[in-house]
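Per Swiss-Prot, the features are:
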COMPBIAS  125-138  compositional bias 'Basic and acidic residues'
COMPBIAS  139-153  compositional bias 'Polar residues'
REGION    90-110  region 'A'
REGION    111-118  region 'D'
REGION    119-153  region 'Disordered'
Amino acid sequence: MEKINSLSTQLVKCCFCDFLKVKMHTVSYIHFFYLGLCLLTLTSSAAAGPETLCGAELVDALQFVCGDRGFYFSKPTGYGSSSRRLHHKGIVDECCFQSCDLRRLEMYCAPIKPPKSARSVRAQRHTDMPKAQKEVHLKNTSRGNTGNRNYRM
């Protein structure tokens, strides 16, 4: 009886091993398929070349890169060499007709504005007076010469 049990155990082990071998081959074939598919995709996108940005895509990219600063369509003075400025290349020339990277896009961003400092009350000029106070002051001084008579208003 013990021999039969051991034989049945060996038979189950053998069948289980064969099942695992088939399963391993199936898994490895699937992995090779996906690996080949990934390589094919990467190769075809690299052969396609760099992309260009035109129209709304260019504006969206500039808004993303520059954020709240805003951007210019032509380079502000002071960017690049003097020979480049003579050609008057703009963002469309550089990123629509050719490909450009993020650094090139960032060159067209407006400069960062320094935060406005709050002025103290002492530093304010008399012209900074609110309009209502100015009008009252003007009314009082524009009454003219009434002599010493007091008029109620």
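We count from 1, first residue shown onward.
Cβ coordinates come from backbone N, Cα and C, glycine included.
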*Check the region 'D' (111-118) for me and report the mean pLDDT.*
76
*Tally of helix, strand and coil residues over the region 'A' (90-110) according to DSSP?*
10 helix, 2 strand, 9 coil
